[in-house]
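Taken verbatim from Swiss-Prot:
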- M1: N-acetylmethionine (MOD_RES)
- 35-107: domain 'KRAB' (DOMAIN)
- 205-227: zinc finger (ZN_FING)
- 233-255: zinc finger (ZN_FING)
- 261-283: zinc finger (ZN_FING)
- 289-311: zinc finger (ZN_FING)
- 317-339: zinc finger (ZN_FING)
- 345-367: zinc finger (ZN_FING)
- 373-395: zinc finger (ZN_FING)
- 401-423: zinc finger (ZN_FING)
- 429-451: zinc finger (ZN_FING)
- 457-479: zinc finger (ZN_FING)
- 485-507: zinc finger (ZN_FING)
- 513-535: zinc finger (ZN_FING)
Amino acid sequence: MENLKSGVYPLKEASGCPGADRNLLVYSFYEKGPLTFRDVAIEFSLEEWQCLDTAQQDLYRKVMLENYRNLVFLAGIAVSKPDLITCLEQGKEPWNMKRHAMVDQPPVTYSHFAQDLWPEQGIKDSFQEVILRRYGKCGHEDLQLRTGCKSVDECNLHKECYDELNQCLTTTQSEIFQYDKYVNVFYKFSNPNIQKIRHTGKKPFKCKKCDKSFCMLLHLTQHKRIHIRENSYQCEECGKVFNWFSTLTRHRRIHTGEKPYKCEQCGKAFKQSSTLTTHKIIHTGEKPYRCEECGKTFNRSSHLTTHKRIHTGEKPYRCEECGRAFNRSSHLTTHKIIHTGEKPYKCEECGKAFNQSSTLTTHKIIHAGEKPYKCEECGKAFYRFSYLTKHKIIHTGEKFYKCEECGKGFNWSSTLTKHKRIHTGEKPYKCEQCGKAFNESSNLTAHKIIHTGEKPYKCEECGKAFNRSPKLTAHKVIHSGEKPYKCEECGKAFNQFSNLTKHKITHIGDTSYKYLECDKAFSQSSTLTKHKVIHTGEKPYNCEEYGKAFNQSSNLIEQSNSYWRETLQM
């Protein structure tokens with residue numbers, strides 16, 4: 001108990017020695033019998049346990065659990081778990097444990113571990129000479145081994161050199177049960193050809209779980225922790241389990257918010273040293289990772305790996321819902337929101353919701369009226385960088401992406417993807433309200449407003465509202481009188497691009513829209529639609545004032561104007 005208070009970690013209690021003090025460190029090297037858990041366990045009465053503070057009780061648990069793990073490690077075989085260990089793992093008090101609960105376990109011997117170290121050869125050939133050679137350097141030339149000694153637990157060291165040798169073996173008592181030193185001894189005497197095996201590349205130790213091979217038993221034992229949850233480390237905060245204590249330590253910083261690694265250049269702090277190292281490259285501007293295909297350089301190897309998929313066309317991240325594949329996991333995560341319909345990011349200004357935070361950030365620029373991205377060629381400004389990038393291609397005229405079906409070229413792969421749906425007829429975006437499907441997500445978004453009746457885009461000039469931003473843009477031209485779309489054939493100008501497109505048909509004489517009922521042909525689909533009403537007799541446009549119905553909206557407008565003229569003349 002005094003050891004715990006003073007910060008000294010006892011490795012074991014001297015069992016079988018009358019009057020033995022708990023401070024005494026007795027190693028398995030000096031025992032003739034097999035090593036049991038009793039040899040490395042410490043008992044407390046209720047009074048003794050209550051004398052310890054919380055930190056000391058935690059230290060006791062840590063020492064006992066670590067000793068048990070190391071005992072299993074050194075044994076190299078499965079050891080049934082003592083009740084004390086089960087009690088400690090469950091966070092119960094250990095003072096009420098019976099003595100037999102710790103000692104009634106099958107003995108654990110080192111001999112089994114040592115014999116299994118190397119398949120080709122046991123330890124009996126070189127054990128004596130290595131022990132003498134290793135500890136002879138400490139000034140214990142008179143160290144004697146019992147005749148016929150074959151394993152560690154059969155060593156009989158002279159009592160007169162016990163205290164000095166004990167001091168020599170232990171560099172510090174503050175390190176809990178330094179089994180790595182013992183393992184190093186085992187490795188040295190187990191096979192004189194250990195260095196040769198490292199150079200030959202032989203890996204005689206194979207994991208039965210995953211078939212992975214190792215050249216050293218120590219490495220195999222460490223690897224086994226991945227498969228054995230008993231040796232795992234669990235986060236008390238969230239219950240997440242890790243194979244390594246160092247990984248748990250890093251994970252805990254998520255809960256504590258601790259960021260111990262600080263950049264001296266800009267003061268930014270990080271949870272992991274590796275993240276800080278990566279961050280520092282920003283200040284140096286170094287880009288050590290180069291693409292062999294196109295020569296592009298990156299400051300992170302992960303960025304280069306992702307970039308290479310552009311050349312290979314690899315898309316390892318697949319959506320289980322619709323089968324669509326992506327070259328980045330982040331793109332898949334973003335895509336999945338389409339299926340859930342979730343829109344967690346809401347604009348405080350207008351209430352509009354988005355499925356991505358970046359989209360909300362971009363949307364906010366609309367309210368601010370800010371257009372930070374300006375074209376150096378023509379001076380046109382945009383509120384999205386992607387829009388500026390797309391716009392620049394107008395000046396270069398480049399069209400990298402070609403449709404194999406019709407040969408049409410496009411500036412963007414996304415535009416080509418959308419275009420291909422014309423040939424395939426694919427309409428992946430479906431309205432949950434009415435079941436109507438669309439080939440573009442933007443069309444679905446615009447369509448949904450029909451059901452809500454929402455018109456978020458309002459003209460500041462006249463107050464007229466629209467359900468789509470392009471309609472507002474087209475409307476604004478009425479106030480400005482601007483007619484930017486000019487016909488190259490006759491010079492006539494229009495305020496909307498769609499009107500120019502319709503006008504061009506008059507020059508080429510195209511009459512693609514034909515009505516089978518009367519064989520009459522039209523250059524525009526809208527004109528054909530109006531013509532059909534003549535044959536059906538349908539009059540969908542009603543005048544509320546007179547109760548009259550018309551087959552064309554223009555006739556209704558004319559009727560309304562006529563009514564207002566008559567009213568003004570009266």
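Here the Cβ of each residue, glycine as well, is placed from N, Cα and C on the backbone.
Nonlocal intrachain contacts for the zinc finger (317-339), taken as residues 6+ away from its ends with a CB within less than 8 angstroms of a stretch CB, comprise 306, 309-310, 355-356, 428, 441. Long-range neighbours of the zinc finger (345-367) within the same chain, counting only residues 6 or more positions beyond its ends whose Cβ lies under 8 Å from a Cβ of the stretch, are 334, 337-338, 383-384, 456.
Same-chain neighbours of the zinc finger (513-535): 502, 505-506, 551-552, counting only residues six or more beyond its ends whose CB sits under 8 Å from a CB of the stretch. For the zinc finger (429-451), the number of residues in each DSSP class (helix H, G, I; strand E, B; coil) is 11 helix, 4 strand, 8 coil.
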